[in-house]
Amino acid sequence: MAAPRWAVWAVLLLRLLVPAARVLANMEGDALHSLRTNLVDPNNVLQSWDPTLVNPCTWFHVTCNNDNSVIRVDLGNAALSGTLVPQLGQLKNLQYLELYSNNISGTIPSELGNLTNLVSLDLYLNNFTGPIPDSLGNLLKLRFLRLNNNSLSGSIPKSLTAITALQVLDLSNNNLSGEVPSTGSFSLFTPISFANNPSLCGPGTTKPCPGAPPFSPPPPYNPPTPVQSPGSSSSTGAIAGGVAAGAALLFAIPAIGFAWYRRRKPQEHFFDVPAEEDPEVHLGQLKRFSLRELQVATDTFSNKNILGRGGFGKVYKGRLADGSLVAVKRLKEERTPGGELQFQTEVEMISMAVHRNLLRLRGFCMTPTERLLVYPYMANGSVASRLRERPPSEPPLDWRTRRRIALGSARGLSYLHDHCDPKIIHRDVKAANILLDEDFEAVVGDFGLAKLMDYKDTHVTTAVRGTIGHIAPEYLSTGKSSEKTDVFGYGIMLLELITGQRAFDLARLANDDDVMLLDWVKGLLKEKRLEMLVDPDLQSNYIDVEVESLIQVALLCTQGSPTERPKMAEVVRMLEGDGLAERWEEWQKIEVVRQEVELGPHRNSEWIVDSTDNLHAVELSGPR
């Protein structure tokens, strides 16, 4: 019996498609092999890229779709050097090209503009030179473009403004010149995206272009006037103070008992669970570690390797098979149905938050009983450990480093709030969560471990996450967090940097001082005892005006009403010297008017009116 006509056509179509697929695979394989021959690979990362294998989908660091077409190339942080090749433009279905943190040099091929399905182009932390290709403006699906920390020159192509899908742009730390485009998608980006390009000018930077009119000053800050009954602010302050003090005692007493109990508690035992990996789980460029690999790295999660403990679990120091040091965070969470999917989602979101001042997630591990995150090891520890737990043989953090930490951590938090989609609220900003890399640059850690923010401005959680002394009053009383929750915690962290003190310290009771650092600082300001504020470890080696500015920023960040606190992007600008004086003066006027409306003296009126601007240098550098 003759075969049905449709079957004949199906066979013919299959015969046509199979050779076409082979041709595509050959073309993509040839393109990737050309890249390999142009790169120096000291660690044999590209060893599996065998040109005799027709299909590149079997190669490591290459991901294909169901049609055996290359959609992802992941070669980040692989110690590669050499140059890119124009043949990369033949990978027509490529969505992710990850070549960050290598030593690749030369120019960026204009043929990359042919990759019209590209979603992410990450070439940062390399040695690229020459211009940014104008052809990149053809990548209309591009969401992430990070070319920072190279040596790129020339102007920024205006064609990039047509990429309406662009969400993350980082061109900082290059040698770019000319005017920064301000139309299209570029209207969304702040000067952080273009920082440290001395020859750039225009609205996207802090300096006008030659011949252009000077920038208009920003409008004065006019916070919304809350509608409330007379005296409600005072009563609210009293209630907030009572809640904070009560919470302090509530946490302190059980903490003492728990510490005593832990001394008696037998050592916990770790049960070895076979590493079960789901081959279907792919989370971008993140490496999925086996549980056994991390057990070996941490000596079976030995107590001697514990770097710290926190609300999310313990952190262990580990050494991988390649000799690199890592910090392994072993999460403690209750296993619930659907928890695996939630974990994958949160890990993916964390991995997409890439910034100089954010701790980069290196990989993860997921088994039926374990959730682990792997980060680079920070040899210089945290700001908290450097302020209060450093060995006598090590010098204290100098004032210049503290200033750099303040600015770097502010930039990292601003990135989480303004450049992540959905935005990420940290919810536990404190000195212990600001880590220090080998150059003592601030690196914000532990972000994204709490529930991620959605597109709304606030998020109500079932449990308050945070540390006493750092928790904003509205978060403590309502469980309602927002960006301004992080701003409050950041302000407390600034006071830690200035004073060297803990945010919550029962030891201060011995001197009849406040246990809360914020209250202690306000008390000293009220009594005009500013000489007691600055960390004695600095030994007068600081700049008075900068100390005054940092105190002002800290107090603006820790205002009782979240609506009156600045956003982190504004904090960055104030730390860079833009707008602090105006904001401080405006805030003082508002406080004076508020006192008059309430027909009663504000409990902090003396230190509000006597701003640190009116203090003489001798008052900050006197005897301690």
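Positions of Cβ are set from backbone N, Cα and C atoms, glycine also.
If you look up Swiss-Prot, you'll see Asn103 (among others) marked as N-linked glycosylation site. Classification of Asn103 (N-linked glycosylation site) by DSSP places it within a strand.
Look at Asn114 (N-linked glycosylation site): DSSP puts it in a helix. Feature annotation from Swiss-Prot assigns N-linked glycosylation site to Asn114 (among others).
Annotation source Swiss-Prot lists N-linked glycosylation site at Asn127 (among others). Asn127 (N-linked glycosylation site) falls within a strand when secondary structure is assigned with DSSP. Around Asn127 (N-linked glycosylation site), a 10 Å sphere centred on its CB holds 14 further CB atoms from the protein chains shown.
Positions annotated as N-linked glycosylation site by Swiss-Prot: Asn149 (among others). The number of other CB atoms found within 10 A of the CB of Asn149 (N-linked glycosylation site), across every protein chain shown, is 21.
Annotated N-linked glycosylation site per Swiss-Prot: Asn175 (among others), in sequence order, evidence recorded as sequence analysis. In sequence order, Ser151, Leu152, Ser153, Asn197, Pro198, Ser199 are the residues of the chain that are 6 or more apart from Asn175 (N-linked glycosylation site) and have a CB within less than 8 Å of its CB.
Annotation source Swiss-Prot lists region 'Disordered' at 205-236.
Per Swiss-Prot, the feature compositional bias 'Pro residues' maps to 210-227.
Marked as transmembrane segment by Swiss-Prot: 238-258.
Swiss-Prot lists Asp428 with the feature active site, proton acceptor.
Sorting the glycosylation sites Asn103, Asn114 by the number of other Cβ atoms within 10 Å puts Asn114 first. In the three-state DSSP reading, Asn149 (N-linked glycosylation site) counts as coil. For the pair Asn127 (N-linked glycosylation site) and Asn103 (N-linked glycosylation site), the Cα-Cα distance reads 6 Å.
Its Cβ placed at the centre, Asp428 (active site, proton acceptor) has 22 other Cβ atoms within 10 Å. Between Asn114 (N-linked glycosylation site) and Asn103 (N-linked glycosylation site), the C-alpha separation comes to 24 Å. Straight-line distance linking the Cα atoms of Asn149 (N-linked glycosylation site) and Asp428 (active site, proton acceptor), rounded to a whole number, equals 29 Å.
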